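Visitor: Take this structure, written in structure tokens, and hold onto it; I'll ask about it next.
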Amino acid sequence: MALIVHKYGGTSMGSTDRIRNVAKRVAKWVRAGHQMVVVPSAMSGETNRLLGLAKELSPASTTPEVMRELDMIAATGEQVSVGLLAIALQAEGVPSVSYTGWQVPVSTDSSYTKARIESIDDKRVREDLAAGRVVVVAGFQGIDADNNITTLGRGGSDTSAVAIAAAMKADECLIYTDVDGVYTTDPRIVPEARRLHTISFEEMLEMASLGSKILQIRSVEFAGKYRVPLRVLSSFTPWDIDINEEAKSGTLISFEEDEKMEQAVVSGIAFNRDEAKVTLLGVPDKPGIAFQILGPVAEANIDIDVIIQNVSHDGKTDFSFTVHRNDYARTMELLQNTVGPATNAAKVMGDPKICKVSIVGIGMRSHVGVASKMFRALSEEGINIQMISTSEIKTSVVIDEKYMELAVRALHKAFDLDQEQAGA
Ligand code: ASP
Ligand code: MG
């Protein structure tokens, strides 16, 4: 008998028929002798609908007071899901009980709309499991120290599931979703993209942070920190497929690099259209300038991604960085009104129509010439690179948004990702 956590995304929970299917699948795992905790998302479209209602009443809703209420509202989506799934399980003859985040409780900090989980008290859940019940826990939500309801950011149910699996030392956390695993890149852009049987935790972390929307990045961080065995698999296989086959399907996020079967140098191509670039021209090149620019940005709670500072000329330099596109207007305002004047910048420029394309692979550690191969492939397509950033296992370029698909296709081909790798 194992303790297993299943997570079902919004599409998998999208209608009562689908919820019934989820219940049948979970019931199959129960009959195989497992203890089950199930973490569903809100029914697809529901979180958008709820937040849309709030927006109708307060279009520019960013005050802390409004943010608190947004979490209050958004958390109800998952509350409906857990209740429905518990009923569906009971209808299958499986004893089941549902909990919201605060009932568990899942304790978080107070950053509304992007709260971080601080701890999970699993006592109540364990008692239910011991009593033979399937426990259905609402994803995406928690409660802060002052009993305010919080949510974990869009896509946060992944993180809820992994955090619960970590807290309970579950044997495995299975993320059921509308794709059947992690691909070398998005098959909607490159039809030849292949599903990876395994991907290392570090690669998955890069892929998630670089824009692959399969898993919320924080869920991968949790999985890494607590070494939670994690698998991404399809919720659209028939619920009654053989459980052993199901348990091996999808993509395993593995920790054992040596056992990594696919020995490609580059494992995947990630991309992200959600960024925007801002530039300060002609700032004095002196100690503290980067801090003077980025300090206020960080204080405004704006995440910074790629940063470039040019070589100086005549004591002046140019400074560019990227932010999430949602933060673009706010960042421009900050630079134009505050940071620009304070640093004596000659000019503030911005470009929201950029994207970031990245190659990812732990094989890059031990191979040279990988980045130059990337740059050659892009130059052969006539694509201009605006910014470059690297880590041990990835190289990212910022390019004009209109070349994104072309770049992804060219790189997928250049690194032979359409071919099954030797040893796979
Ligand atoms: N329902 C939330 C969202 O749409 C959380 C999730 O689905 O993971 O973002
Ligand atoms: Mg999701």
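Here, residue 1 is simply the first one shown, and the rest follow in order.
Just so it is clear, glycine is given a Cβ too, placed from its N, Cα and C backbone atoms.
Among the features that TrEMBL reports, ATP binding site is placed at LYS7, TYR8, GLY9, GLY10, THR177, ASP178, TYR183, ARG188. Here TrEMBL flags THR47, GLU78 as substrate binding site. The domain 'ACT' annotation in TrEMBL covers 278-353, 359-424.
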Visitor: Can you give the mean pLDDT for the domain 'ACT' (278-353), rounded to a whole number?
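Guide: The predicted confidence over the domain 'ACT' (278-353), as a mean pLDDT, is 93.
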Visitor: Please list, in sequence order, those binding-site residues from TYR8, GLY10, THR47 with the Cβ less than 6 Å from ligand 1.
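Guide: GLY10, THR47, by Cβ distance under 6 Å.
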Visitor: With DSSP assignments reduced to helix, strand and coil, which class does GLU78 (substrate binding site) get?
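Guide: DSSP assigns GLU78 (substrate binding site) to helix.
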Visitor: So if I take the binding-site residues (LYS7, TYR8, GLY9, GLY10, GLU78) and measure from each Cβ to the nearest atom of ligand 2, which come out below 6 Å?
Guide: GLY9
Visitor: Calculate the distance in Å between the alpha carbons (Cα) of GLY10 (ATP binding site) and THR47 (substrate binding site), and round it to a whole number.
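Guide: Just about 9 Å between their Cα atoms.
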Visitor: List the residues of the same chain that sit at least 6 positions away from TYR183 (ATP binding site) in sequence and have their Cβ under 8 Å from its Cβ, in sequence order, or write 'none'.
Guide: ALA193, ARG194, ARG195, LEU196, GLY268
Visitor: Counting Cβ neighbours within 10 Å across all chains shown, tell me which of the binding-site residues LYS7, ARG188 comes out on top.
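Guide: Compared across LYS7, ARG188, the most Cβ atoms within 10 Å surround LYS7.
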Visitor: With DSSP helix as H/G/I and strand as E/B, how many residues of the domain 'ACT' (359-424) fall in helix, strand and coil?
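Guide: DSSP classes over the domain 'ACT' (359-424) add up to 30 helix, 14 strand, 22 coil.
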Visitor: Give the three-state DSSP assignment (helix, strand or coil) for THR47 (substrate binding site).
Guide: helix
